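**Student:** One structure, pasted below without further comment.
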Amino acid sequence: MEALIPVINKLQDVFNTVGADIIQLPQIVVVGTQSSGKSSVLESLVGRDLLPRGTGVVTRRPLILQLVHVSPEDKRKTTGEENDPATWKNSRHLSKGVEAEEWGKFLHTKNKLYTDFDEIRQEIENETERISGNNKGVSPEPIHLKVFSPNVVNLTLVDLPGMTKVPVGDQPKDIELQIRELILRFISNPNSIILAVTAANTDMATSEALKISREVDPDGRRTLAVITKLDLMDAGTDAMDVLMGRVIPVKLGIIGVVNRSQLDINNKKSVTDSIRDEYAFLQKKYPSLANRNGTKYLARTLNRLLMHHIRDCLPELKTRINVLAAQYQSLLNSYGEPVDDKSATLLQLITKFATEYCNTIEGTAKYIETSELCGGARICYIFHETFGRTLESVDPLGGLNTIDILTAIRNATGPRPALFVPEVSFELLVKRQIKRLEEPSLRCVELVHEEMQRIIQHCSNYSTQELLRFPKLHDAIVEVVTCLLRKRLPVTNEMVHNLVAIELAYINTKHPDFADACGLMNNNIEEQRRNRLARELPSAVSRDKSSKVPSALAPASQEPSPAASAEADGKLIQDNRRETKNVASAGGGIGDGGRIGDGGQEPTTGNWRGMLKTSKAEELLAEEKSKPIPIMPASPQKGHAVNLLDVPVPVARKLSAREQRDCEVIERLIKSYFLIVRKNIQDSVPKAVMHFLVNHVKDTLQSELVGQLYKSSLLDDLLTESEDMAQRRKEAADMLKALQGASQIIAEIRETHLW
């Protein structure tokens, strides 16, 4: 085992550097029948006489032997308080006051130390008899023993009671089954190597050790066969076929050893002398196999198996070291080198921050957020999604009802009854609706301002980690950018307010889109009027026989012919146009845009005035369709005295045809013009925000930072590192160096040959 000691020591340094758990080497579990030489094999591997020996049943309790490597300078370094079995199993605490090079300690004796291995052997016998009795009884309760030595590796060996068939002494009748279950409990651990011990003077085909090993390890990946007592075979026979695997092949190999006899033990023959005599015996009896058998070769084979296990763990350890090295290298880079030229460093950091801030807005930053929108992408989302959807959700006629429209029309006419809808009422109502676009526009400015504030934090956290070295510089940069954004906010709000005020200042009824909408609306209303007259005029005329109907409208039958309806429509329209022309020439109507010229041409804009004049027949039809709504009474009710100081009480009455049509016209005009203004606002507000806020900050950010921070009087204060920065830089450099050394150690272990 000595060959593994330097490897394990190197790995220990690696684990201490990386902070990983120590590789747990496999347990070596020895199984076999009674008196097959199991304990002798373990003693030869450890190199110490510490196990009870004798004839018959000697090992009657499992012995878990933990070998703990200690360097000579670590002896008597600490004191361990290890009373809990779980804690004791994983503990590597030493004890002070030990003068010997090697010592042992039992779990059941707590902190008592044993420097004489004869005392250890005697304590094992005493503890066995205390639990199992002194008459061949067997107990599954293990004995825990730790041996501390500079000549061992951190390894666990398990010595189990030998398999038996017939109970003796105090053994129960099912002793065979109990021992079998005990053995299976230990060898079922996948992280164990099974030493299947078989005596050479028995037939290997009847080996109970190999049989039970194959139950848990059918592929033979962790089973090593050991043939003991080669010197006790019958005269004229040898174990050549068995050792060469011709009888029963074993994947990991079959190794023969020669144990000390009871006479040798009684004569105090040392393990070293026994190994020397064993080598001489093998050279004499098995010269061709001498170099592949014996206790030394068994130890080398176990070393090889343990090294394979270690190497299987190295790739994961190597990956962890590489990841940590990359992290510490990045951390060291973020700490930067000590500042020599403060002026150049300050200018470099300011320039880098300004560049990263602008790049984040443009979408070309080095560190791009993947979990959410940020920077310019979020500003775009605010413009075209948040702001756009908010404007589209504003109802053009929201907050308006028929009473509001009629009241506005009446208030605009003053004391005189109006022949046409005054343009003042349209402007009053449409301005009221346009004013509702100002609040979402200002909210758009606020959202963009908040996002530009968030970009500051984004650049500080991801893009310019060097600023973390200088907390005062970081705070100063944040303050300058925040002040710049704060100064631009009222300017941008004022511009957005002006955009809405511009729309309110002049209602352009000659806007091309508005003129097209009015023309299309006139055609639709005119067509609806003709269709309604042609469909319902005959029934209306028959119910009013006392009134005088123009001869052109008198029906020839209950359902007039299409020609008669068309003729009646034509005359009504001509009458309306004549009346409209006469009134227009007298100066009535809404503005100059609706005036018909001397040549009798139709107006291009404001043509909707003509539809406000209706014929008597159409009023007769419309009165039947109008619905009652609460409206201020024009005259007092009969039977009630009138007091002009009383508040008028709304009563329900039907809208006249003209009132109904006036409301419909105003609503359509408001909606048409509101959509035009909303389109303008939706286009102009983002442009104003970009010009007065976003682009202005981008263009002036670096000059603002340089002007306020790049001053000789501020250099020392701004570039003062945090108190622990130098210490953290040193720790990161030391850790990086240690990780590089650990990586080199792993490379050396991969190239280590133990045989």
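Note that the numbers count up from 1, one per residue, in the order the chain is shown.
Just so you know, glycine gets a Cβ as well, placed from its N, Cα and C.
From Swiss-Prot, for reference:
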BINDING   32-40, 228-234, 259-262  GTP binding site
COMPBIAS  550-567  compositional bias 'Low complexity'
COMPBIAS  586-600  compositional bias 'Gly residues'
MOD_RES   Lys616  N6-acetyllysine
MOD_RES   Cys663  S-nitrosocysteine
REGION    32-39  region 'G1 motif'
REGION    159-162  region 'G3 motif'
REGION    228-231  region 'G4 motif'
REGION    258-261  region 'G5 motif'
REGION    357-502  region 'Middle domain'
REGION    461-704  region 'Interaction with GSK3B'
REGION    515-582  region 'B domain'
REGION    536-610  region 'Disordered'
REGION    673-687  region 'Important for homodimerization'
**Student:** Taking just the CA atoms, what is the gap between Thr228 (GTP binding site) and the residue listed as 'S-nitrosocysteine' in Å?
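**Tutor:** A Cα-Cα distance of 115 Å.
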**Student:** Does DSSP give Asp234 (GTP binding site) helix, strand or coil?
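**Tutor:** It is coil.
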**Student:** Please report, as numbers and ranges, the same-chain residues at least 6 past the borders of the region 'G5 motif' (258-261) whose CB is under 8 Å from any CB of it.
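**Tutor:** That would be 37, 40-41, 44, 228-231, 269, 271, 274, 277-278, 281-282, 294.
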**Student:** Sequence-remote contacts (6 or more beyond its ends) of the region 'G3 motif' (159-162), Cβ cut-off under 8 Å?
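**Tutor:** Apart from its flanks, the region 'G3 motif' (159-162) reaches 29-36, 38-39, 42, 51, 57, 59-63, 65, 138, 179, 182-183, 186.
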**Student:** Count the residues of the region 'G3 motif' (159-162) that DSSP assigns to helix (H, G, I), to strand (E, B) and to coil, and report the three numbers in that order.
**Tutor:** 0 helix, 1 strand, 3 coil
**Student:** Quick one: of Thr228, Ser261, which of the binding-site residues has the smallest count of other CB atoms within 10 A?
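**Tutor:** Lowest Cβ count within 10 Å among the binding-site residues (Thr228, Ser261) is Ser261.
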**Student:** Counting other Cβ atoms within 10 Å of each residue's Cβ, which of the binding-site residues Asp231, Asp234 comes out lowest?
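**Tutor:** Among the binding-site residues Asp231, Asp234, the lowest count of other Cβ atoms within 10 Å belongs to Asp234.
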**Student:** What are the sequence-distant neighbours of Cys663 (S-nitrosocysteine), meaning same chain, six or more residues apart, C-beta distance under 8 angstroms?
**Tutor:** Thr402, Ile405, Leu406, Leu655
**Student:** Should Ser35 (GTP binding site) be counted as helix, strand, or coil on the basis of DSSP?
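**Tutor:** Once the DSSP labels are grouped into three classes, Ser35 (GTP binding site) ends up as coil.
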**Student:** Mean pLDDT for the region 'B domain' (515-582), rounded to an integer?
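**Tutor:** That region's mean pLDDT is 50.
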**Student:** As a test of the contact definition, list every same-chain residue at least 6 positions from Lys38 (GTP binding site) whose Cβ is closer than 8 Å to its Cβ.
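**Tutor:** The answer is Val30, Val31, Gly32, Thr59, Asp159, Leu160, Gly162, Leu195, Val197.
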